[in-house]
Amino acid sequence: MDKGAALASSDIVHQNPAGVTAIGIGGTGSSSLSSFASWRAYGCALAQTPRRLSRRAFAATAAREEMSRVRARSGADMARALRWWDLVGLGLGGMVGAGVFVTTGRAARLYSGPGVVVSYAIAGLCALLSAFCYTEFAVDLPVAGGAFSYLRVTFGEVAAFLTGANLIMEYVFSNAAVARSFTAYLGTAVGVDAPSQWRITVHGLPDGFNQVDLVAVAVILLITVCICYSTKESSVANMVLTAVHVAFILFIIGMGFRHGDARNLTRPADPSRSPGGFFPHGAVGVFNGAAMVYLSYIGYDAVSTMAEEVQRPARDIPVGVSGSVVLVTVLYCLMAASMSMLLPYDAIDPEAPFSGAFKGRERCAWVSNVIGAGASLGILTSLMVAMLGQARYLCVIGRSGVMPAWLARVNPRTATPVNASAFLGVFTAALALFTELDILLNLVCIGTLFVFYMVANAVVYRRYAGSVSEPAARGGGGGARWPTLAFLTVFSLAALAFTLAWKLAPPEPRGVRAGLLAACAALAVAAVAAFQALVPQARVPELWGVPGMPWVPAASVFLNVFLLGSLDRPSYVRFAIFSAAALLAYVLYSVHASYDAEESGRLDGDGGGKVQDEACTVV
């Protein structure tokens, strides 16, 4: 038998004179067979769980490993065919169209009122600060894993797994929500009440899960086929669709300012029930609205997952990620202003705010149909970008060994992660078939903010503490791990204290609430200043780094914590349940699969095999 045939075969078992069985793992897809080959093997693995957790949970992967040996587990390489204009187009397509048409009406009606314009500006600033953090990682670590890979090379495997689980949840849930909104806007474009006529009610199922949406399923499956075919062709299609969609956006903005009334910015439709003013619910409402509309910025992080397919990462990624966030923020603020001028905030339709604003207007009814067509087009582009990103996240998670290795395979003909794309497409379609929008959006907001919070912490840690696997990286000392962790903890607690004071402190007696907020803000600023003065950077990025270190990522941490504090209690309950389920999956499966992948990787280099005796003790 030749070498290729031997590697392609299943496990090869050798018996030595001492009675010890050596199991050689062949191929990327069988790295977890030693723990999952049989129930007895799995029982042995579970018995070793504490030791494996201590070895794997906080084990950081070296960046060079992530870009070489780990990436090689996908087999074929992804094609490097994207430039900065592709990334800007993907960023625009990923953000504009989905969230703004889904969340603007809801945020204005329930929280911000006309101040939704400021809510979008706050969310845009938070997104830009997070985009800087993503960009530094993406330039230095141009792989497809996005935040999962960034956390894996800094805080270790369990933090990366929890982040990766939230990323997948975020994308699947938001894509399902957006696909269901496509049905409503498509109906508006053709003059049909789509939600009631195109969805099938299934009696006997609980409310929120009893409206079957076959249109949403068809759209998701069609896009799944497209992204499996080619990344470059998907980018070209996205550029064309995005250009047409931006023209629709400008049309909406122009019509809003032309036919709107500035008095709607301060007066409600029903003053007896709704407060007036530009900020009808005060600053609290504005920040609650910012947390909700932050969903609209999901998409720029998907651009970072394309880093493995970018020709010149050092130049193209900063322009693509940050540039798209700035452009989108300007468009969002203008759209929110035009919508607020068209209708009083308490008369806005939360399901279809823009198209609904023109219904019943003389000589403007046709605009509602045009907006419905434009929104439908934008939703298609955002779905395409989001599904491109989520497939690459899952592909790299599969490479790490914490998920089945077949998810990591890259098709040599299409140079795309076909398995991950198809798996997530089917899962998203199944979710969009039944689940209503409100149920999906609650988890998406908190998951997004949590991931961005973790990435901002990770970029500070990597700069000042270096990496566990690269202790003296690029011009620094051995790194200050504990001072950096202490700073990140103190700063997060200061941000949390500020958030709790903002949310819970009573307004009376006067001055107490303001004093608490000032004290928390002063503590946060003092912590950053002291850390900058006392702790030197352990590494300096060679190509591109976050400006104003550590102030910019610290501001990102603060804003993300603050926005997290604006979410409701049920969101936290759902998030806690989801996180507990993810950690349970890690303990029962992922840590063992990852441990086996690590061991087989070492043996690949040594040419040996893992040794396991009859007592299930790994040597």
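Even glycines carry a Cβ here, placed using N, Cα and C.
TrEMBL entries are annotated by machine, without manual review.
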Quick one: sort out which of 165-189, 365-389 is the transmembrane segment according to TrEMBL. 365-389
Is the number of Cβ-Cβ pairs under 8 Å between the transmembrane segment (117-137) and the transmembrane segment (543-565) three or more, considering only pairs separated by 6 or more positions? yes
Looking only at the recorded stretches 208-229, 236-258, 482-502, 514-531, 543-565, which one has the largest tally of CB-CB distances under 8 Å to the transmembrane segment (278-300)? 543-565
For the transmembrane segment (365-389), which recorded stretch in the set 208-229, 236-258, 321-345, 482-502, 543-565 gives the largest number of Cβ pairs separated by under 8 Å? 236-258
Cβ pairs under 8 Å with the transmembrane segment (482-502): which stretch of 236-258, 321-345, 410-433, 543-565 has the most? 543-565
Close approaches to the transmembrane segment (321-345) from elsewhere in its chain (Cβ under 8 angstroms; 6 or more beyond its ends): 84, 87-88, 90-92, 94-96, 100, 104-105, 108-109, 112-114, 116-117, 119-121, 124-125, 127-128, 131-132, 134-135, 138, 246, 249, 252-253, 255-257, 259-262, 264-265, 267-269, 274, 280, 293, 296-297, 299-300, 303-304, 353-354, 357-358
